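TrEMBL has this to say about the protein:
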{"type": "DOMAIN", "residues": "30-215", "note": "domain 'DH'"}
{"type": "DOMAIN", "residues": "256-454", "note": "domain 'BAR'"}
{"type": "DOMAIN", "residues": "508-571", "note": "domain 'SH3'"}
{"type": "DOMAIN", "residues": "609-672", "note": "domain 'SH3'"}
Amino acid sequence: MASAEPDSEDAAEAEEAVYEEMPCDRMELSQRLAVEELLSTEASYVNNMQLCVSDIRAHLQEKQLPELDLEGLFSNTDDILHVSRRFLKGLEATAGQGQEQLLSISTLFQEFKEEMEAVYKIYCASYDHALQLVESYRKDPRLQEEILDTLNATVPHTGASDLSFFLVMPVQRVTKYPLLLGKILENTPSSSSAHSALQAAARAMAQVNANINEYKRRREVATKYNKAEHLTLRDRLARLNTHSIAKKTTRLSRLLMHEAGIVAKTEDKEYDDLEEKFQCVASSVATLKENMASYLGHLKAFLLPTPHRCDLQMEQGPAQQHRRLSELLQSTVFPEFKQRVDRLVWQPLCSLSDMLEGPQQLVKKRLDKLLDYEEIQERKSEMGSVSYDEEAAMNTYLAINDLLVAELPRFNQVAVQLLGQILRSFSALQLDLAAQVLHHAEKELEQLPHGHMALPSFWKVMEDSLQQSGAQLRAFCQAFETVAPSPGTQPLTPAEERKVLSLVSKHGPDKLYQVTSNISGSRDLDLTLLRGQIVALLQSADTKGNTSRWLVDAGGPRGFVPAAKLRPYSPAQVQQPVMQLLGLDSDTESRRHSYAFPEAPRPQVATFTPTFQVVAGFSFAARSPQELSLQAGQPVLLLEPHDKKGSTEWSLVEVNGQRGYVPSSYLVTVPVQDPAGWSLPV
């Protein structure tokens, strides 16, 4: 019996040792299974993401369905797949490391936590939008059939009925990492060297999920406010109520107190710098868009004329070479350039401008929410607490502010890069256009007589040609002025007499000018005058100091005319009669003019010799018995400045005893070359 007692005690100790070892073995087994689950599920996840990107999306792209928003559906799955492949490779490398495997897994999660947060927060923030797209496609039988066809062709073994089966996988995976690490941690003794490392890894992945949720919340707030609203006045008035009016009044009051310095403005140097750069980019884009719209408008107007279609009536020579070059440029080079500018400059610029609308709206909303935030903060400091709605308003401001501070640096960088690329594209297109025009022009220039001359010699030939052409033009003008025989002068109408006399009396004879060609006013305060009219100079410059645009008195209306179309007019024949008829004081006139007249008895009656005559400015061939043919420079007698219906486009004239109608625009009034003087009574 004594020997049996020790045997029974040894058996009890052995049994107790077995029971103590069993929990340890069970914990180790659970730990190993948890690690295997982490590796196997990660491998399955990467494989499914590979199917989603390489097979499903690629198959849908081949269908070329414009109604499918593939970017909205799959978001940044390429980035997720890239990170997950590397992460899986690191996990598989830990296999076979024994006791060090848990430490390696913990370290791997710590190394990948920032990359995972960066890619998964973008995907999770756009996941709701992807689900909305899937739901909308379900309502379209044709699209739903195409999607099912793709799923059956690429992943028939999954039995998936729509894309949401795959789209939810990244969301599920990132939320499962803390759970898998927690399961491994539960089966790791606290005395193990890997226990603290696993705890840190689990906390890190839990923080990643918390950051993703916070980012998603901010994006939801931003989505609510960054949509540019285009409301009519009626819609805006319909939104007004007591609450909105009170809120806007409070904001305006707060803003005025900021400007007046009554209350301090919340300073945020980081945000202020980012907003200043953003506003600079937005202003640059708006200015460039305005200038490009004007440029394209001018380019369109430039392409409207078709000079190459005009019949030059020249079979050969430089005129035909110019015609060929013009036709090539107008029909091929410039239209292609316009299309390229529209595709490579205008469309990207408009897209960039549209991209700015959302952030601009969000920046504006931030200011509104900042004013609300400051007002609530003051109330909270006074009362110690605020309502739930006020707390939500404060959180909204913080969410918008944090989102802008986080996103504006990247947005500004991308916007500047796009703007620079647009400007570089435009410069390259301009250089290419110049090279094309020069290339085609050189081909035609080689065929010209002076195409191979040295540049100095060419300019000398051009100068000689211009001088010769100028001499011919001056000779033509002189011949035109003297082509008509000296006719009997045509008396001025009483209205014309009074107009010339009035101008002389008001401004003096040294201020009179004659219009050398018809003037058509095209700007504000410009006058429209006919050739031969007499005007008086008031000021030899316009209001901006431009000396090529003079202010004149046309005997009633006053306005601006081109100085180049005026020449001095010296009415020597009317100076003395003007003084005699109007009875001006001689002392006054001697002060006005630098010449004096001999004393003579003041006449009671004076006769006025005509000083103007009407001539044909252009040749005209009669087309009916009622019309009269004219030769350029031929004097005519104006009978009526209108036709029988009162239209001033035709005038009744007499030439060599024949009467008929001629276009009024073909007639000009010119001064008599050798006018007769005044005839004084005896």
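Every residue number used here counts from 1 along the chain in the order it is shown.
Every residue gets a Cβ built from N, Cα and C, even glycine.
Those TrEMBL annotations? Automatic predictions, nothing curated.
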- Which residue counts does DSSP yield for the domain 'SH3' (508-571) in the helix, strand and coil classes, in that order? 6 helix, 26 strand, 32 coil
- Note on the structure: Residues in the domain 'SH3' (609-672) per DSSP class, helix first, strand next, coil last, are 3 helix, 31 strand, 30 coil
- Average pLDDT across the domain 'DH' (30-215), rounded to a whole number: 90
